[in-house]
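Since the structure comes first, as structure tokens, the remarks are kept for the end.
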Amino acid sequence: MWGSRAQQSGPDRGGACLLAAFLLCFSLLHAQDYTPSQTPPPTSNTSLKPRGRVQKELCGKTKFQGKIYGGQIAKAERWPWQASLIFRGRHICGAVLIDKTWLLSAAHCFQRSLTPSDYRILLGYNQLSNPSNYSRQMTVNKVILHEDYSKLSRLEKNIVLIQLHHPVIYSTHIFPACVPDGTTKVSPNNLCWISGWGMLSADKFLQAPFPLLDAEVSLIDEEECTTFFQTPEVSITEYDVIKDDVLCAGDLTNQKSSCRGDSGGPLVCFLNSFWYVVGLANWNGACLEPIHSPNIFTKVSYFSDWIKQKKANTPAADVSSAPLEEMASSLRGWGNYSAGITLKPRISTTLLSSQALLLQSIWLRIL
């Protein structure tokens, strides 16, 4: 995570992530019991619509509510839904807990394998190499990619549901974010944050103890967002990067951005006293300093019906045959498995559409 004022969600302070990429180059791409207020998320508001049965579930509460003013170091319980997706022992992406057995992440984080046993989910971590008594390492029972997601066009329908073998126990360190429904509207003045364990620069990994970083960002409307991803040779009509299933957010003034290794992590907004996961880190323009473009996030509300349907139609894991819960491990390396998708807008080196497709196909073969 790159940014001049990005904060660590833990005792150490950190920088932020930076990714360099050419247009259409896809880089190697991720207790103590706690009972919060029993008040369910609100039923109606000008910006938040009723959420049906999901409303009845506890979600979106932390010890820290409302705005946290400049420079304050966040504590470990700040983002209790934040998860790390581990692939064969290395952090590759972020993920977000949405109930006791389900998480959301980006589909492109699973491009190397769809075998659940290849993955682990870390929850309750603030520093990946320094698990606490609240940290949990969870095994994965099922990986459900969106049916319309394609490796050949990894910008669309970039969402995945992850089912755990064992339900988590909620605590101040592990708690789900609320999932918005399809009618949820978030205004630009809402408080929104991104978080993750992404890279500090194009060639600099986050160093031990691998602290969680976060940054406040603003939502950007679609019309303004499209202007950041236009070049003389590739118009928005030829390559429509801003689809209905994504949203745009960032902070170009303070140079805050999510990048490689942050993919699949949450963009959360504070709506009527609850934190909602409104986006999942999807892709971004090159965030070489100075950052010239915002980040693009999978719009969670667009997929709310899909999420409900898949959860309802998927049987619970057979606990009797599930592996035992594992001891929370200490991450020793960040590694080159980390996932991310970058597009670089407004570049001096131009690519025609046919060249871009060729370049994309070459990268796909070597990933």
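Heads up, the Cβ atoms here are built off N, Cα and C, so glycines get one too.
Note that the coordinates shown come from a computational prediction; the quantities given were computed from them, not determined experimentally.
What Swiss-Prot says about this one:
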DISULFID  CYS93-CYS109  disulfide bond
DISULFID  CYS192-CYS269  disulfide bond
DISULFID  CYS225-CYS248  disulfide bond
DISULFID  CYS259-CYS287  disulfide bond
DOMAIN    68-312  domain 'Peptidase S1'
SIGNAL    1-31  signal peptide
- prompt: How far is it from CYS109 (disulfide bond) to CYS259 (disulfide bond), counting Cα to Cα, in Å?
  reply: 13
Field: Per-residue Cβ crowding (10 Å cut-off), top of disulfide-bonded residues CYS109, CYS248, CYS259, CYS269
entry: CYS259
Query: What does DSSP assign CYS269 (disulfide bond), in three states?
result: strand
- request: Average the per-residue pLDDT over the domain 'Peptidase S1' (68-312) and send me the rounded value.
  value: 86
Field: Number of other Cβ atoms within 10 Å of the Cβ of CYS93 (disulfide bond) across all protein chains
entry: 33
- prompt: What does DSSP call CYS109 (disulfide bond) in the simple three-state scheme?
  reply: helix
